[in-house]
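To keep things clear, I will list the structure first and then write my remarks on it.
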Amino acid sequence: IVLTFQNSCSVPSSFQLAGIPGLESLHLWLSIPFGSMYLVAVVGNITILAVVKVENSLHQPTYFFLCMLAVVDLVLSTSTMPKLLGIFWFGAGDIGLDACLAQMFLIHCFATVESGIFLAMALDRYIAICNPLHHTTVLTHAMVGRLGLAALFRGVLYIGPLPLMIRLRLPLYKARVISHSYCEHMAVVTLACGDSRVNNVYGLSIGFLVLILDSMAISVSYVMIFRAVMGLATPEARLKTLGTCGSHICAILIFYVPIVVSSLIHRFGHQVPPPVHTLLANFYLLIPPILNPIVYAVRTKQIRERLLQMLKTETKFK
């Protein structure tokens, strides 16, 4: 590791992640809620994947997208939580430069992919409600696969340049301690010597493109869905049709609200203490993986029934 002197810049071979800056004395205690939440997220998402695999009635576009969501949530939580728990338990904050950039890529790429999958799910709900006769002919298994790949490709295309630009444009750093629990883009860029404006502008533009455009497209699809629903004859039919969108709307809010709150606090909450920023940044990577399986398990009859059936079989064998 290169020694850095006051006001000097160097090429670090590794960085030091601070964990939750300002709450170092509580790291061991913080590992209990974070470890539990990570465990719930992993078990919940693996359960969703297993239930959809064994239950033939769930082999429909909505549940294939749900499986994609589960895989993305597993990647998102696993790219940060094991390292964070390592910092909490063993003080293992050291992370190589390339490992740091790989973590940055995974986090930002798969958050972008998740947004793309929500967009595909909105399209699925739109076709199912506004054009039900063509739902199975338009959203074939191959088409669902293509939409999933498109979301992945877009994530790689948008986020790929972030670590590359840091590697190629910003080789020197004034410090090697990242005041964060994972290699978040801006947390790394602020440590760099040299002109980081291009990195800042690119990072903000991508965030704007993904969040604003995706949420606008989802909103438009829901406006059209509500118009179609209002055209239905009876209130019962309206409620039943809207009920099919409930899980998707909950999942979208669970994903977008923490990101928006975290971004707003980051931009305007100058009085907010640093630990709050870091805790929020971790929660928005943990809350969707925990709540998505719960929302879909509670709201989807087939998933609920299959889960209960599997649990009954399990207890019989015991």
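The first residue you see is number 1, and the count goes up from there.
Placement of Cβ uses the backbone N, Cα and C atoms for every residue, glycine included.
Automated prediction, rather than curation, is the source of TrEMBL annotations.
The domain 'G-protein coupled receptors family 1 profile' annotation in TrEMBL covers 44-296. Residues or ranges marked as transmembrane segment in TrEMBL: 28-51, 63-81, 101-123, 144-166, 206-229, 241-259, 279-298.
Tallying C-beta pairs under 8 angstroms between the transmembrane segment (101-123) and each of 28-51, 144-166, 241-259 places 144-166 first. For the transmembrane segment (206-229), the partner stretch with the most Cβ pairs below 8 Å, chosen from 28-51, 63-81, 144-166, is 144-166. In the predicted model, the domain 'G-protein coupled receptors family 1 profile' (44-296) shows an average pLDDT of 90.
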